[in-house]
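Peer 1: Quick one: structure below, then a few questions.
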Amino acid sequence: MGRKEDNIEKALRIVEHTELVRNIGIVAHIDHGKTTLSDNLIAGAGMMSEELAGKQLVLDYDEQEQARGITINAAVASMVHAFQGKEYLINLIDTPGHVDFGGDVTRAMRAVDGVIVVVDSVEGVMPQTETVIRQALREYVKPVLFINKIDRLINELRLNSDEMQKRFTKIISDVNKLISKYAPKEFTKEWQVSVQDGKVAFGSAYNNWAISVPSMAETKITFKDIVEYVKNGKQKELAQKNQLHKIILNMVIRHLPDPKTAQSYRIKQIWKGDLETEVGKSMVSCDFKGPVAMMVTKIIIDPHAGEIAIGRLFSGTVKKGTDLYISGDGKGKVQTLAMMVGPDRIPVEEVTAGNIAAIVGLKGAIAGSTVSSIENMEPFEPMIHYSEPVVTLAIEAKHTADLPRLIDVLRDISKADPSIQVDINQETGEHLISGMGELHLDVTLYRIKNDYKIEVETSEPIVVYRETVEKKGGPFEGKSPNKHNRFYFEVEPLKPEVIQAIEDGDIPQGSKFKDKKTIIETLVSKGIDREEARGLVCVEGTNIMFDVTRGIQYLDETMELLIEAFTEVMNRGPLANEKVFGVKARLVDAKLHEDSIHRGPAQVIPAGRNSIYGAMCEAKRILLEPVQKVFINVPQEEMGSAINEVQQRRGVIEDMTQEGEEVSLVARIPVSGMFGFASAIRSATGGKVLWSFENAGYQKVPPELQDSVVRSIRERKGLRPEPYDADYYASM
């Protein structure tokens, strides 16, 4: 039996004892050392050779990950660790740090209860650190902190132990500020990290050593000793005395919750069903004898096994042959069941509540599906990802014979990675794939060509724009084709606070609201008039429709059709058929024919649509473009070249700081200016640059560029070059 199988054997003896299980994630800014830490933890648990740890990158098992040196998927490893005479099962998920793959982080956070936040001691807390901490805390996932790359402070920055400790204090304070800002109210104090209580560890994942207050008490090795070990090139000796995996996993077991403890407070946040039902009680108590309730957090497409659904089991026991219901997609049968170690699936007979399982047989499942032994179980809350696709490519099969297979592959890819949006046009054969950035789409194309062996042709990258309005417009009369029905809509920009509440999930999507009272209170707290809030009809993207009419006969019967009209407009705006962002539409009046035959879909939908389009024309339509916040570190002598590169791309420098010979720049650059930036900034600075970015929402396209951008989008979509004006919609 191999070491992995042996470990899984041990794991199977532990799984039913939930107090001995920990489901944890590792999150960080890109290149702060997550995957190296993961590998050394796995090596320490005897799952791979210690000599290879940190070099093999067992969780970066994808060929693209190893070639690019970054983590693209969220990989899973189950391992066993002995602590104070007991053996614990630790299910570990390594997540991407690159902003293009942030959707994977969001999904991983649903599966875990605790998280190790890794921060590079030289760079400190970075933008993506804040994003991943916010994602974890939003899912009620408890953090501990590992400050990595301490050897760089000693060897490169030549800091003594006092100077190092000042830097640590700043990093810990920055992390605690984020915890205060984003943690659930009941945990803002309790979840603060501190050195004294052992919730912070320091070390070098690459050199396989760590230190914490509990370890100092045990080994008597202090920060001053660490400086001497590193200066004198004795990190191997240090790694034998202060083993990284022991110190980090001991911290995990001491401070991160077991599934039963975590589910007692997490379930109410991630599932809005009745907690007094059998499945509700079973999930809160993590009962392996209860009904099966699992949330799929990842789909892997395997060339041999097909679709593998990986997810967190919150209740019940899954066995081979179990019939399960999949939310929105009928039934599936468990054909094979496994636990995961990177790319390896180790087959098991059963998986119990509180653990992470890999199942073959749930064909209709996607990331986010609820899987249960109960038909029509209330689904888990949708997972909220903080960014949306900003770049699109048109893709078509080089050989017509490959077209049907390409369509299947694109569907598989959007199942496996829901942050890739696929728009399939079977009539033209041209399909659109939209992703979080250039790298995201590069990796997706690589997989289509190499994993699925389909030759494709693609367009140049296309930026995903949004439309909005600048002021109030309307009421605007929209008439039905038979002229028997008239609707009057007003539109105006939605308050930023309301948009934020929608993006945070406090105001849910759709028109069927379970808890309308709470949503109304949220709207009022964000500055919406109470009477107007009571008229809430529909939320589509970041846009809201309200009905503020009083006592109009037959209106209730046509409301579903008006929702359809509103949804259509919000997905295809009047300027360039792009999605609409941050618009409030108010129905203020309507005149309806008394005979229902004259107010069917073919009459009501065009009338509602034209009313909203016309009001938007009167409200001054504007185009928004996605922007990215770019963080650049360069030596002082290369600063001018870096600034020049940013400004050539319509970028603006927002902040500049200097530490020693290093200059840090913060810039905002439109996504349309970011294509090819990676190679350009490297060549401009002679390769002496470290840079990263995060998506930073949308900004107005400069007025002098708007007409030409709108025209080019419309021509690409086969529309007439000029958008229609209000008179056109009035005459319809």
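Glycine residues also receive a Cβ, built from the backbone N, Cα and C atoms like all the rest.
The GTP binding site annotation in Swiss-Prot covers 28-35, 94-98, 148-151. Among the features that Swiss-Prot reports, domain 'tr-type G' is placed at 19-228. The feature diphthamide is assigned by Swiss-Prot to His598, with sequence analysis given as support.
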Peer 1: Taking just the CA atoms, what is the gap between Ile150 (GTP binding site) and His598 (diphthamide) in Å?
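Peer 2: The separation of the Cα atoms works out to 75 Å.
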Peer 1: Of the binding-site residues Ala28, Asp31, Lys34, which sits closest to His598 (diphthamide) by Cα distance?
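Peer 2: Considering only the listed binding-site residues, the nearest one is Ala28.
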Peer 1: Least buried of the recorded positions Lys34, His598, going by other Cβ atoms within 10 Å?
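Peer 2: Taking Lys34, His598 as the recorded positions, the minimal 10 Å Cβ count falls on His598.
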Peer 1: Could you tally the C-beta atoms, other than its own, that fall within 10 angstroms of the C-beta of Ala28 (GTP binding site)?
Peer 2: 29
Peer 1: Compute the average pLDDT of the predicted model within the domain 'tr-type G' (19-228).
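Peer 2: Within the domain 'tr-type G' (19-228), the model's average pLDDT equals 80.
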Peer 1: Indicate whether Ile150 (GTP binding site) is helix, strand or coil by DSSP.
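Peer 2: Ile150 (GTP binding site) sits in a helix per DSSP.
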Peer 1: Would you identify the secondary structure of Lys34 (GTP binding site) according to DSSP, in three states?
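Peer 2: The residue in question, Lys34 (GTP binding site), is helix (DSSP, three-state).
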